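Undergrad: Have a look at the structure that comes next, please.
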Amino acid sequence: MPAYRSRTTTHGRNMAGARGLWRATGMKDSDFGKPIIAVVNSFTQFVPGHVHLKDLGQMVAREIEAAGGVAKEFNTIAVDDGIAMGHDGMLYSLPSRDLIADSVEYMVNAHCADAMVCISNCDKITPGMLMAAMRINIPVVFVSGGPMEAGKVILKGKEHALDLVDAMVAAADESFTDEEVTAIERSACPTCGSCSGMFTANSMNCLTEALGLSLPGNGSTLATHADRQRLFLEAGRLVVDLCKRYYEQDDESVLPRSIATFEAFENAMSLDIAMGGSTNTVLHLLAAAHEAGVNFTMSDIDHLSRKVPCLSKVAPAKSDVHMEDVHRAGGIYAILGELDRAGLLHTHLPTVHSRTLGDALNQWDVKRTNSPTVQEFFRAAPGGVPTQVAFSQDRRWKELDLDRETGVIRSAEHAFSKDGGLAVLFGNIAREGCIVKTAGVDDSILKFTGPAKVYESQDAAVTAILTGQVTSGDVVVIRYEGPKGGPGMQEMLYPTSYLKSKGLGAACALLTDGRFSGGTSGLSIGHVSPEAAEGGEIGLVENGDVIEIDIPNRTIHLAVADDVLAQRRAEQEAKGWKPVKERPRKVSTALRAYAAMTTSAARGAVRDLSQLKID
């Protein structure tokens, strides 16, 4: 049986100094022999998705200690992508994922912790912790802070559900008065929690359920609801049990790499496609699989996207549907249940909480269980009161949404579309692929051909959109914004939001080697690989070039002759694959270090040290 890792620092005469330091943290003689479990928190007052986490780490710690473990809490950083959006702060968002993964590894390995509870929530925090969990491979349970309640605002006598993206769009839409924009701003983000649509944060927290690393309800139970407290308490108890099973019973099935296998990543990606999750999840699942030693690639995602239907549309794809509505329809296990009934799920896999995913579905899928407890759990409703306090209300819907024909979650027979909510496109402008969130694309533009309008920064594209230089039928190309070229692979929420505010959301396409916020909708194609800074063909596009997009056939094509592209490539090679004009962008040493080691979006923008020239 494997020895508890913590005994490296708690046992033996030569560890007297280490034990002395442990004693200074509050440990007693009786604690030296218990598993030491890291409570990996991410509390910060900068981020609404994390502002309520301050005391929750200690809540989990108390449960760990009551169950026979020793809990030690630390925090990671957390970047709010919405606040960092639209300026150079966004350069730091994706790099923060790797910094979080490293910091968790550093703390857990330096102090020889035996297991972890990862308290995450927002965009890069869950992926960063997930990468660390795969890398370290000790027992872990994920529990997130939970989704924000959707905002409510009355405009022109009618109530509207809304979220952060609505505030961005309204601010740039001249048809809204200043008073209406202010009302939307004040109502868009009413509570603590991750932004209320199927954006990146909520998508990732849902995917931890499909991977088998979090408890049912983790992705959809509101941050404000009292039911969410149960998830935190149970996580504390569960991680001690997992610890004992591994270290005392030699049960390797509880380890993250035993749970998050290739088939588990297929399950997670199938869920993502079915629920129209954020395109960023592709980037993060590829990175997590890399850390787990799982060969999960863009080709695998392409294969799944061709057979998994779109079973749910949530904001931004459907502006009046939010995570609270998904929860009412049975949450993530309801979507997994529909995938299972369609023969699209691997149900024999273990989870942290059940022997198999199939067992968990029998208990938690609202269409196959009669459990009053489960049904009450999924009737958890928003409180409708602005607050930054977790678990502060216990309202219930009168009934569940079990309509699988026209409801929030559909059966495969009544899917929103037979094609899933995400697609991978390949072509001469994206040899290694690119990603589009098809759930947010109007059916009328699934096939689109138009002239390119080329911009070499997000800022330049935003200026062009707001000043009327982009017109109906254009393909907006934003390049040199990839992992290396940005550096940091900025999100493009403002360009897509401004296209919508100008009435061009279903009249233009946007193509970039950067990425998109989970709040993005429209014909927005990101992660173009290879990126311009690495010699990708997106760097060869010129104004007026015709670009042909065919989502049903999964192709994207730059209609320029091969000999012309070869000539352009020679010219770019001579220039060193850089933007034509110097950008007013300060790139720090930290960001330059990130750029030196990162890889393309097609690989999850993971680090590859072989790129460094080390003597």
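The backbone N, Cα and C atoms fix where each Cβ goes, glycine too.
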Undergrad: Figure out which of Asp81, Asp88, Asp163, Asp166 sits with Asp123, Lys124, Glu491 in the Mg(2+) site per Swiss-Prot.
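TA: Checking Asp81, Asp88, Asp163, Asp166 against Swiss-Prot: the Mg(2+) site match is Asp81.
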Undergrad: Run through the Cβ atoms and count how many others sit within 10 Å of the one on Cys122 ([2Fe-2S] cluster binding site).
TA: 28
Undergrad: Only counting partners 6 or more residues apart, tell me which same-chain residues put their Cβ under 8 Å from the Cβ of Glu491 (Mg(2+) binding site).
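TA: Expected: Asp81, Met85, Met90, Ser93, Asn280, Gly514, Arg515, Phe516, Ser517, Thr520.
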Undergrad: Could you tell me which three-state DSSP class Ser517 (active site, proton acceptor) falls into?
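TA: Ser517 (active site, proton acceptor) sits in coil per DSSP, no helix or strand.
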Undergrad: Determine which residues of this chain, when Asp81, Asp123, Lys124, Glu491 are set aside, have a Cβ within 8 Å of the centroid of the Mg(2+) site's Cβ atoms, and list them as they appear in the sequence.
TA: Val79, Ala84, Met90, Ser93, Leu94, Cys122, Thr200, Ala201, Asn280, Ser517
Undergrad: When DSSP states are folded down to helix, strand and coil, where does Asp81 (Mg(2+) binding site) land?
TA: helix
